[in-house]
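Feature annotation from Swiss-Prot assigns Zn(2+) 1 binding site to HIS63, HIS65, HIS141, ASP208. Annotated active site, proton acceptor per Swiss-Prot: ASP67, in sequence order. As annotated by Swiss-Prot, Zn(2+) 2 binding site applies to ASP67, HIS68, ASP208, HIS266.
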Amino acid sequence: MSCRELIVLGCSSQQPTRTRNQGAYLFRWNNEGLLFDPGEGTQRQFIFANIAPTVVSRIFISHFHGDHCLGLGSMLMRLNLDKVTHPIHCYYPASGKKYFDRLRYGTIYHETIHVIEHPIDREGIVEDFGSFRIEARRLDHLVDTLGWRITEPDTIKFIPEKIKACGLRGPIMQDLLRDKQITINGKTLYLKDLSYVRKGDSVAVISDSLPCQSVIDLARDARIMLCESTYLEEHRHLAKSHYHMTAKQAATQALAAGAQQLVLTHFSARYLNSREFELEAKEIFPNVFAAEEFRSYSFPKNPPSK
């Protein structure tokens, strides 16, 4: 799985429509499948997207309103049916442990997969396992809700022409990486002079929330900011009373965060044309898309910092 992309499996809030399923979002990245907020019917959406559910390795639940978690149980059962051998990590607010258990054990089946739970009871870095660093922050919603920032580590890349000019090859390259310098024939060579840093990419996933500082912090310089925009500005009063955002508010948060790309989602069923969200947000933040089911949003590797 060498691709780097977000695939939208659903983008409706609260209830599905004839054209939009409840939300579910899959990031395929660094040989992992990161599934966020699987709503009702997510398992079936994988079929329509022509993606094997077995790519999923980590599941994130922002909060336990039904449209963000009702697909959890069926996804775990499907992975069990498919006999996946890799662990399935599940991240969710610790305060919702009883709801997680109800979803996981809501029906009779023989569980054979290895599910590793990560109930989150604090903000900040909640896991760093080499491929990614996972950060969680509390959002401003009606119930305990987490937003997520996923960041890959920076990597050091050698500059081929400089390495060749110095005649370096083989195990000594690992010595240079480890020690930051090596001495050959009385001459000291420094890693910083023979390499560059490729900054690790970040993505942010913002589910239900009013605009708040946590949203900006999570989305700071993110390659993709996936953000709820339940309402348009004409219904801003509903957004405020239900603790959601409008498309304009989401765009304003993306601009403040310096995000590179904004993907809007979680559209209220009252709106038939999601294009309206994109048009509203573009007035503030040009590089924006209204999520479309089964569409892929790619984020190729960042160019190196030489």
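Keep in mind that glycine also has a Cβ here, set from the backbone N, Cα and C atoms.
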Near HIS63 (Zn(2+) 1 binding site), which residues of its chain come within a Cβ-Cβ distance under 8 Å, counting only those 6 or more away in sequence?
CYS69, PRO93, GLY96, HIS141, VAL143, ASP144, THR145, LEU146, SER207, ASP208
Name the residues of the same chain, 6+ apart in sequence, whose Cβ is under 8 Å from the Cβ of HIS65 (Zn(2+) 1 binding site)?
VAL143, ASP208
Please report the number of other Cβ atoms within 10 Å of the Cβ of HIS266 (Zn(2+) 2 binding site).
30
For each of the binding-site residues (HIS68, HIS141), count the other CB atoms lying within 10 A of its CB, then report the residue with the highest count.
HIS68
Minimum Cβ neighbour count within 10 Å among the recorded positions ASP67, ASP208: which residue?
ASP67
Excluding ASP67, HIS68, ASP208, HIS266 themselves, which residues in that chain have a Cβ inside 8 Å of the centre of the Cβ atoms defining the Zn(2+) 2 site?
SER13, GLN14, GLN22, GLY23, ASP37, GLY39, SER62, HIS63, HIS65, SER207, GLU228
Other residues with Cβ within 8 Å of the Cβ centroid of HIS63, HIS65, HIS141, ASP208 at the Zn(2+) 1 site?
SER62, PHE64, HIS68, LEU139, LEU142, VAL143, THR145, SER207, SER209, TYR243
